[in-house]
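Participant: Checked TrEMBL, it gives:
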BINDING   B:CYS97, B:CYS102, B:CYS138, B:CYS142  [2Fe-2S] cluster binding site
Amino acid sequence: MKPLTSIGPANRTARNEETHPLTWRLRDDAQPVWLAEYQQKNGYAAARKALGEMAQADIVQTVKDSGLKGRGGAGFPTGVKWGLMPADEAMNIRYLLCNADEMEPNTWKDRLLMEQLPHLLIEGMLISARALKAYRGYIFLRGEYVDAAANLNRAIEEAKAAGLLGKNILGSGFDFELFVHTGAGRYICGEETALINSLEGRRANPRAKPPFPAAVGVWGKPTCVNNVETLCNVPAIIGSGVDWYKSLARPGSEDHGSKLMGFSGKVKNPGLWELPFGISARELFEDYAGGMRDGYRLKCWQPGGAGTGFLLPEHLDASMYAAGIAKVGTRMGTGLALAVDDSVNMVSLLRNMEEFFSRESCGFCTPCRDGLPWSVKILRALERGQGSRDDIETLLGLVNFLGPGKTFCAHAPGAVEPLGSAIKYFRAEFEAGVASHAAPATTGQFVPA
Amino acid sequence: MNQAPLNDNSLIQTYRFALSEAERSAIEHEMHHYEDPRAASIEALKIVQKARGWVPDGAADAIGAILGIPASDVEGVATFYSQIFRQPVGRHIIRVCDSMTCFIGGHEAVVASIQQQLGIGLGQTSADGRFTLLPVCCLGNCDKAPAVMIDDDTFGDVRPDGVAQLLEVYP
């Protein structure tokens with residue numbers, strides 16, 4: 001009755017420890033892997049190595065050398081982020097936060113890991129906390145992921161009972177306690193500093209940076225915030241080493257390791273797979289997702305979440321890694337792609353997306369609070385065929401004024417990136433929404449030259 | 001239209017709010033997970049809501065008194081988060097995912113089907129107090145779009161003609 005996230009059958013048979021560090025332990029019946037089975041599958045071996053044999057600085061250096069980048073969508077190098085934590089030993093109260101507030105539209109990768117492999121996340125957090133000298137960690141989990149909360153809490157109790165969390169873990173003298181903190185809605189909580197405000201029990205408005213969380217984070221203490229999938233990469237990097245990790249990606253990829261990638265929409269086989277960075281989007285779309293369902297044609301696609309731009313079918317030859325997708329004009333984001341089929345009107349789709357972004361704006365800064373509802377109003381008018389001749393220029397003006405660097409956080413830039421690309425590739429559909437009796441366009445002064 | 005009677009008079013409360021012993025001890029237990037008691041404010045609101053279905057007027061004062069923060073701060077938090085309800089809701093909450101993936105999957109037809117059967121639109125409660133219908137951010141069920149969550153249960157591949165069967169399970 002209550003289906004758990006399934007991993008696509010395409011690579012269910014092909015997973016192994018060498019090539020699928022994130023998913024090889026998954027059970028074919030999609031039930032959670034509890035402690036006994038996890039340890040039987042080599043679980044916590046990397047934690048034993050990190051806590052028993054490695055200096056804290058060596059763990060940080062290993063992660064730096066591995067080239068691991070954040071898997072939450074922004075792709076910031078994890079080792080560099082870790083390196084920002086203060087060297088001053090006197091600042092001894094430090095926190096590790098796991099960003100498990102997965103609300104990005106079309107993203108369900110962290111849910112899979114937390115529901116089915118809760119110990120992988122705990123082991124990743126344990127090793128990372130040791131590296132960062134954090135004494136306490138919180139998993140900031142969205143409230144709607146009730147199965148993930150139950151499974152993580154049970155796994156934490158198992159780990160505590162086995163001496164893998166708590167005082168003097170594995171005899172190393174290192175103490176680490178871990179809590180699950182569940183949220184109460186609002187997409188903006190996934191923004192790193194908004195997440196910190198929310199954890200502190202405040203409204204989830206983003207904070208000004210600098211100071212960065214590494215210097216002044218939760219309760220003013222040095223804090224590191226990492227995504228679920230990022231932390232889940234850490235055990236294999238420590239356990240199997242940098243050379244192995246760097247051999248995972250396809251030749252030509254500048255990003256290292258494997259990535260949970262997906263394809264959804266009206267494709268034959270929507271799903272989620274662990275794949276090497278650098279595979280072509282076409283391989284993901286055709287070989288794994290099986291191409292479009294009969295009767296549908298691919299109109300355009302988004303590489304990784306609502307905040308990434310639309311791409312055309314011809315862009316499917318792009319490689320799935322940060323710079324590979326940047327070459328065709330947008331970001332890889334979460335790596336879970338969406339197929340838009342030819343039955344979808346782009347104005348309606350963008351109206352739906354901007355309604356979401358508008359509703360989820362925290363309202364703190366003016367361009368986002370006022371600009372996004374404005375875009376919704378225009379898109380609704382265009383959808384009804386009642387747009388004015390200035391509307392498209394006004395939308396492009398909003399794409400400009402809400403773009404990167406002009407708002408307090410990345411929410412509004414993420415909201416207008418798909419809008420800008422949709423107008424760029426499908427302008428005729430927007431023009432079709434202008435009312436036939438509309439007054440002639442004015443001078444278009446809205447958009448600065 | 002279709003406004004549930006619940007939403008009218010009961011907004012004005014005439015009784016004095018008091019936390020139950022169970023609520024109070026649950027909130028005090030949560031406080032100790034954090035360096036600052038304020039951090040338990042969202043959890044405290046969820047504790048009150050779990051017991052009562054919503055967060056009545058007066059809860060902010062009671063929670064603020066335990067956590068040592070102004071009631072206005074608690075109210076500020078209560079009104080910010082979309083899953084904290086500051087007005088009465090139905091016995092069951094229907095959350096329809098409105099991400100673009102579910103849009104492509106046809107979630108608007110599912111909403112229309114619910115609206116037709118229960119006589120409520122998004123943000124409304126049915127006249128018998130059984131259901132409240134709300135939109136929600138991506139439920140992470142995108143390979144089975146459109147997705148609907150009823151209370152703590154998530155359903156995928158929901159079709160407009162399957163809605164009636166789904167709702168039957170929730171009396």
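Think of each number as a place in line: the chain as shown, counted from 1.
Using the three backbone atoms N, Cα and C, a Cβ is placed for every residue, glycine included.
Help me picture these features in the structure, burial and contacts included.
Facilitator: Residues near B:CYS142 ([2Fe-2S] cluster binding site) in space but far in sequence (CB under 8 A, at least 6 apart, same chain), listed by position: B:SER99, B:THR101, B:CYS102.
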Participant: If one looks at the chain holding B:CYS138 ([2Fe-2S] cluster binding site), which residues at least 6 apart in sequence have a CB under 8 angstroms from its CB?
Facilitator: B:CYS97, B:SER99, B:THR101, B:CYS102
Participant: Taking the Cβ of B:CYS102 ([2Fe-2S] cluster binding site) as the centre, how many other Cβ atoms fall within a 10 Å radius?
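Facilitator: So the number of other Cβ atoms within 10 Å of B:CYS102 ([2Fe-2S] cluster binding site) is 29.
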Participant: Taking the Cβ of B:CYS97 ([2Fe-2S] cluster binding site) as the centre, how many other Cβ atoms fall within a 10 Å radius?
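Facilitator: 28, counting other Cβ atoms within 10 Å of B:CYS97 ([2Fe-2S] cluster binding site).
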Participant: For B:CYS102 ([2Fe-2S] cluster binding site), which of the three DSSP-derived states applies: helix, strand, or coil?
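Facilitator: Reduced to three states, the DSSP call for B:CYS102 ([2Fe-2S] cluster binding site) is helix.
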